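*Asks:* Before I ask anything, here is the structure I am working with.
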Amino acid sequence: MDDKLIIGGREIISRLFIGTGKFPANRIIPDVVRMSGAQVVTVALRRIDFDSDEENMLRYIPKDCILMPNTSGARNAEEAVRIARLARASGCGNFIKIEVISDNRYLLPDNLETIKATEILVKEGFIVLPYMNPDLMDARRLKDAGAAAVMPLGAPIGTNKGLKTREMIKILIDEIDIPVIVDAGIGKPSDACEAMELGADAVLVNTAIATAGDPVVMAEAFANAVIAGRKAYLSGLGPVKEYAEASSPLTGFLR
């Protein structure tokens, strides 16, 4: 089965992307990455201390992973662009996850500023994956701006509430012909499986793994869930019906 995910010219086999925040200790991150099978790992640039090898988050991310810095902390397009440029200048490559958040309570993304940042960074050669509220018109604008994918939230960051925006995400999947990667709010493996069954191209998970009792085992559970959900989607889910329908004939065999 030819089922490749291509982003920015890179073939990505694992459809589970992972974040690196909130872990009880950075030293477990390599094991988490290994058990998850993830190829794409995101990290906030503000958590990278380039002057300290011990505290430098990059030390714990396997070298064969695609590093995707994010612009966490940016409150507007200007700040997001500045962080992205700093990440590339620091050797973190061209992949960038745009996060523009000016709302301190719910941490919801500012789609307008995100679109502005995407337009600028795409012109500068970045491979831009913007985190967004799942709005169809804004997703189209991000695509037109050159985004390599869109990353709609399932629920507010860090809440583990699952796919509260399920119907809106499904609209993006149906209408946008660039990858749709569900990001934020995924709280358990079944949430990730559900997103993949909907037809999402990938999911990004951080809090649900990092705050689990055993993050390494949870990473493996998420990996299995993503694979199962993708296979279910590709296989074609059976129709949902209003009334019961017997799987075997109910008449004729007692004559």
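Every residue number used here counts from 1 along the chain in the order it is shown.
Backbone N, Cα and C define each Cβ position, glycine as well.
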*Asks:* Please identify which of GLY158, GLY199, GLY213, GLY229 is recorded by Swiss-Prot as part of the 1-deoxy-D-xylulose 5-phosphate site containing ALA184, GLY185, ASN206, THR207.
*Replies:* GLY158
*Asks:* Just to verify: the residue among GLY158, GLY185 with the fewest other Cβ atoms within 10 Å, which of the binding-site residues is it?
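*Replies:* It is GLY158 that, of the binding-site residues GLY158, GLY185, has the fewest other Cβ atoms within 10 Å.
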*Asks:* Taking only the residues the record lists as binding 1-deoxy-D-xylulose 5-phosphate, namely GLY158, ALA184, GLY185, ASN206, THR207, what is the largest Cα to Cα distance between any two of them, in Å to the nearest whole number?
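*Replies:* So the binding residues stretch over 9 Å, Cα to Cα.
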*Asks:* Quick one: pull the CA-CA distance for LYS97 (active site, schiff-base intermediate with DXP) versus ALA184 (1-deoxy-D-xylulose 5-phosphate binding site), whole Å only.
*Replies:* 13
*Asks:* Using a Cβ cut-off under 8 Å and a sequence separation of 6 or more, which residues in the same chain sit near THR207 (1-deoxy-D-xylulose 5-phosphate binding site)?
*Replies:* GLY19, GLY21, LYS22, ILE157, GLY158, THR159, ASN160, GLY187
